[in-house]
Structure formats: structure tokens, C-alpha cells
Amino acid sequence: MKEIKLNSDSLEIYEKSVSEKLNRNDFIKLWDLDLNDLLDISYNLKKLFNKEKIDLCSIMNAKSGICPENCIFCSQSKHNTSKIDTYGLKSKEEILKNAKSVEKYSNRFSIVVSGKTVTDLEFEKIIESIEEIQNKTKLRVCVSLGLLNKDKLKALKERNVRIHNNLETSENYFKNICTSHDYSEKIKVILEAKKIGLEMCSGGIFGMGETIEDRVDLFLDLKKLGVDSVALNLLNPIYGTKIYEKIKSGDISPINSTDALKSICIARIALPNKVIRLCGGREHVLKDMQKYSLLALDGLMIGNYLTTNGQNIQSDLKMIEEMGFER
């Protein structure tokens, strides 16, 4: 990438971001800036802290559907009526095969399961899969296993695994998307994981009817929690989910590409030294503007998502190369 010079106002924001002198109101006011200015600031922050690289990760839906939780955005919730494949925990052979299929492209591989948490037997089998991947590939392993207790977190720490647990949105807005568990339960797990010394990935979803204030509050919570990686998703409303109906009826407006890019940039400015990763929904929301998100990002999730298809991996690799970034 060529050097992008900042105008005086943008330079001031950049410098205050680096020195952590921006407050909640400052982040909210960024929404009124021109998108190009936000992208310029974001790229300079990315270059300062995380250079010109785009880290790639992949996930596998290792246990799908019949989730007892009532998240209105999730096609795997039994409270929604989306038509998806449902199955129990995949075998370690199937999980290893999936990991090997993306090893050529990806640096990280995450085992994701549906449900509020995992049983002891499921956890034992997942540990076996983790060890298989670590022994037979060069991939770094992540897991998204719901609300885990201290013993399970310690077992994952012993195996140098990164934990993923999305906050999804702000504490204030969370009750609008889920009532079967609450925000504080997620915070408790993240704090316990950090206390044990686990690497932590957390983030949220844009486009569920939340305000820019909610998004900023999410970023500030992630900052306070000291997460290592921030996973950002853009809502791709799936037929059969409660949120699909809310968007169809006009109760919630779908997020557009400009709003999505601005939100990604504000995340970068609020969390300048964290790994910012864009995951699900980017193809649906950003379309041909995806490439501009790379100016603010350190990572992309590639391949398929939990119950929806992702962009062709070769297209992602070409996009990264054309924007002048390395992987």
C-alpha cells in the first residue's frame, strides 16, 4: 500500500487514538466524519500497530442447530424456524479433515459448536480434536464453545488454545436480541479466561437495530476487558429468524455498506492496537466495497460460516493482493 497522508483534523484523531485520549463522546462524533477520512485514519493506525498483513482464519460448525438459547439473529436457535442442517458433534476425523482443507490458506482454525455450553463428554472429544489438529497441521487452534467453567478453561489454556466468546452488542441493547442468558454471563467467562491467561477473541454483530452509541459501548467494553482479537460481523438476516421478520416488517433497517465501513473504522480507532477481524456477512453487506474494509482490518475470516456460505477463498486472496497487503 502507498502512504496515505492525513489532513490536520484526521491527524489529531490519529494521534489521540494512539495516545488513548479519545472518550466515548469523541468516538460517537466520529460517525459524522466522511468515510474516506475514517478509512485514512484507520489505515494509518493499522500500519502503525499491525503492519501490512491480513491474518486469515477459518471456522467449522462442528455441532449444528437445536440450540436452547433464543438469540433472535441465529438460525441455530430452536426458537427460530430457519431450515438448516442439524447434527451432533462431528468426529475428530471429520474435524481434522476440515482443518486440513483450509491449512493452505488459513493461519487459524476454530471449532465452533451450537448451544449455551458443552457437556463433559463433548468437551473430551473436542480436546482430542484440538490435539489432532495441533499434531497434524500448522494451524493455531481456536474454539467457540459457549459459557465454559473454570476447569474447562484451564484445560484449554494447557493446550494453548484461543477462546472465542462474542458479546454480540452493547450491554444496554443485549436484552433486545437474547433473554435466555445475559451479558454478565459472557463477561464472567471472558474475565475468567483472561485471569487464567487465555488469549481471548470477542466482538459483535452490526445491523441488529442497535445505535452507534451501542456499537461504541461494545468497543469500550472490549477495550476494558483486554481482549486480544476483535471479531466483527455484519448481519446477514436468515429466513426463519426473528430478526429477519423484524427487518422484513420495517421494525429494523438493514445496515448498508457505508454504515458498516464507518463502524469498522470506529472500532479500529477505539481499539488501535487490537487485531480487528471481519467475519460473517461481509459479502452480503459490503459486496464490491469489501476491499476498502481491509484498510481498517488486520484479519478476515475466510471460507464458509456457521450456516451460510462465504466468498470463494481465491477471491479473498486476490482482493488482499490487489489492495497491496500480505497474509
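Cβ coordinates are placed from backbone N, Cα and C, and glycine is handled just like the others.
Copied over from Swiss-Prot, here are the features:
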BINDING   C67, C71, C74  [4Fe-4S] cluster binding site
BINDING   S110, C142, C201, R277  [2Fe-2S] cluster binding site
DOMAIN    49-282  domain 'Radical SAM core'
I'm trying to understand the geometry here, so how far is the Cα atom of R277 ([2Fe-2S] cluster binding site) from the Cα atom of C74 ([4Fe-4S] cluster binding site), in Å to the nearest whole number? 20
Rounded to a whole number of Å, the separation of the Cα atoms of C67 ([4Fe-4S] cluster binding site) and S110 ([2Fe-2S] cluster binding site) comes to 19
DSSP three-state assignment (helix, strand or coil) for R277 ([2Fe-2S] cluster binding site): strand
Same chain, not part of C67, C71, C74: whose C-beta falls within 8 angstroms of the C-beta centre of the [4Fe-4S] cluster site? Give them in sequence order. E69, N70, F73, S75, Q76, S77, H79, N80, S114, C178
Give me the non-local Cβ neighbours of S110 ([2Fe-2S] cluster binding site): same chain, 6+ apart in sequence, Cβ-Cβ under 8 Å, ordered along the sequence. C57, S58, I59, M60, V141, C142, V143, S144, H164
C201 ([2Fe-2S] cluster binding site) versus C71 ([4Fe-4S] cluster binding site) - Cα distance in angstrom: 20
Excluding near sequence neighbours, so keeping only residues 6 or more apart in the same chain, what lies with its CB under 8 A of C74 ([4Fe-4S] cluster binding site)? C67, N80, T241
Tell me, by DSSP, whether S110 ([2Fe-2S] cluster binding site) is helix, strand or coil? strand
Enumerate same-chain residues with a sequence separation of six or more from C201 ([2Fe-2S] cluster binding site) and a Cβ-Cβ distance below 8 A; give 'none' if the list is empty. C142, R162, I163, H164, N165, V227, D228, S229, V230, A231, R277
Residues within 8 Å of the S110, C142, C201, R277 Cβ centre (excluding the [2Fe-2S] cluster site residues themselves): C57, I59, R108, S144, R162, H164, S229, A231, M301
